[in-house]
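Peer 1: So TrEMBL lists these for the protein:
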TRANSMEM  9-29  transmembrane segment
TRANSMEM  49-65  transmembrane segment
TRANSMEM  72-92  transmembrane segment
TRANSMEM  98-120  transmembrane segment
TRANSMEM  132-151  transmembrane segment
TRANSMEM  171-196  transmembrane segment
TRANSMEM  203-220  transmembrane segment
TRANSMEM  226-249  transmembrane segment
TRANSMEM  261-281  transmembrane segment
TRANSMEM  349-368  transmembrane segment
TRANSMEM  375-391  transmembrane segment
TRANSMEM  397-414  transmembrane segment
Amino acid sequence: MEKALVRRNYIFLLCCIYRIVLDGIYRYIVCTEYGYRGYEWHINYGKYFLSYFIIYFMICLMPVGTKKISDLILQLHFVTMVIPLLSIYSLSDKNSLFLFQFCICFIGEVVVISKCGEYTIRIPNLKIDTKYLVLFLWFLSLFTCWSMYQANGIHLQVLNLSDIYEVRKEIVYPYAILRYFVVWQYRFIAPYLLLYYFKKKRYSYILLIIIMQSILYLILPRKEILFSAFLIAVLLVILPHIRFLSFLVNSLSVGSLCMAMIYFFSGARLPVAILPIRLLVDPAMIKFRHYEVFNNTLPKLFYSEGIIGRIFAIPYQYSEASGYIVSQLHEGVISNENTGYLAYGYDNAGFFGMLFISCLFVVILLLIDELARDKNINLVFALFIYPLYTLNDGDLLTSLLTGGLFFAIFLLWIDKENFSIEYRKGKKNENITHLYVRPLCRRLVVSSKYHVRTKS
């Protein structure tokens, strides 16, 4: 008990440092450079100290030492979604009611998952030969890359990240279905193929997939195409050796501080515009903007936007996506300000919409936990981290129905072999470094020694 208390206090200290870094960047960079986008310094000290209390309270409730998929995802959302929201709440003096509703939903997710984690959900077995599945995924990948290349060609200028948005405006989709295929490519197809060949130790195929993703990025400049592959590669190596929550907090703190130093010493805005502004600050502010618009200005959407509205023939009353409407009502800046799954739940049906989408999210996490039982948690988490991370600025229903999350769950259900735990020499659950990385390094060392001897 005492050890757990020390552990939670340590996590709280790390989160405080993380908050201070975010707050400093907001004060001295965001408000200075992006004030025209509505970022202003209106600190409320009562809300400021309250936000730290909420952080500590949530840390006391969250499981911090477990390796369940649901716990890892909630830790990810706590660091990337909740803490930045609390920062914007106190520094911009935002609405307390929305924050409390948001926190109630998140705390409810933590409590329900911790209570229901002991129960077993009976799921029937379904097995499909993964060789045919992999061939089908390769076909989709090649069809997507070739079709987009034929329609758009290669854009080498996107190697300069500042030109991405100009090129993206001119992108053409020759077939409507390609809009879905492109998203599926970096959300579950390429990640699954990477994990598949990593487990098979087919490293040449891993290199081929990375090259294919790089080419797709040059055709369709979305940073997510490269980011998802890089994220999975890093996770496969480091997950067995780290405590995920503390590592994530430290990484974002150090990374954000380094980007801020680059800005102060060189004047370059692009690095800090990506981390932490684009990844952390913008999604937090946009959540409050959606609340302000659909609470004070416009009526609720009632699920009329997106595929749910089309299925049930619910009329959508606006000419543009809700993200564009929200951005135009704040400082007149035209951009598609998508928001997170809980804020989008409020757009649709207020607090009841938030509760509904929160319950659905809990069911999905419990389902993933059950499908991941007796499987390699590191591999499973690597498959799901990106599609579930995108819920920070994306809707859960959209991600589930058209964003690839459903297919990722389906792959986990039917693939018993490639997510299984390997047993060697009587030891269970050996980590990925022992199973793959070290044998590969030994093979390279032996090969280099052989070449040296032959030359001599």
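Yeah, the Cβs are placed from backbone N, Cα and C, and that goes for glycine too.
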Peer 1: State the residues, same chain only, that lie 6 or more residues beyond the ends of the transmembrane segment (98-120) and have a CB under 8 A from a CB inside it; answer 'none' if no residue qualifies.
Peer 2: 54, 58, 61-63, 68, 70-71, 74, 77-78, 82, 85-86, 89, 287-288, 291, 295, 342-343, 346, 351, 354-355, 358, 361-362, 365-366, 369-370, 373
Peer 1: What residues elsewhere in the chain lie close to the transmembrane segment (49-65), defined as a C-beta under 8 angstroms and at least 6 residues from its ends?
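Peer 2: For the transmembrane segment (49-65), the nonlocal Cβ contacts are 4, 7-8, 11-12, 15-16, 19, 71, 74-75, 78, 82-83, 86-87, 89-90, 103, 106-107, 110-111, 114, 243, 245.
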Peer 1: Answer yes if the transmembrane segment (72-92) and the transmembrane segment (375-391) have at least three CB pairs under 8 Å among residue pairs 6 or more apart in sequence, and no otherwise.
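Peer 2: Contact between the transmembrane segment (72-92) and the transmembrane segment (375-391): present.
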Peer 1: Examine the transmembrane segment (397-414) against the transmembrane segment (261-281) and state whether at least 3 Cβ pairs sit under 8 A, considering only residue pairs 6 or more apart.
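Peer 2: By the criterion, they do not touch.
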Peer 1: Most CB pairs under 8 Å with the transmembrane segment (261-281): which of 9-29, 171-196, 226-249, 375-391?
Peer 2: 9-29
Peer 1: Below 8 angstroms Cβ to Cβ, which residues of this chain, lying six or more residues outside the transmembrane segment (226-249), approach it?
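Peer 2: For the transmembrane segment (226-249), the far contacts come to 10-11, 14-15, 17-18, 64-65, 72, 75-76, 78-80, 186-187, 190-191, 194-195, 198, 209-210, 213-214, 217, 378-379, 381-383, 385-386, 431-433, 437.
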Peer 1: Of the listed stretches 9-29, 171-196, 203-220, which one has the most C-beta pairs under 8 A with the transmembrane segment (375-391)?
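Peer 2: Stretch with maximum Cβ contacts: 171-196.
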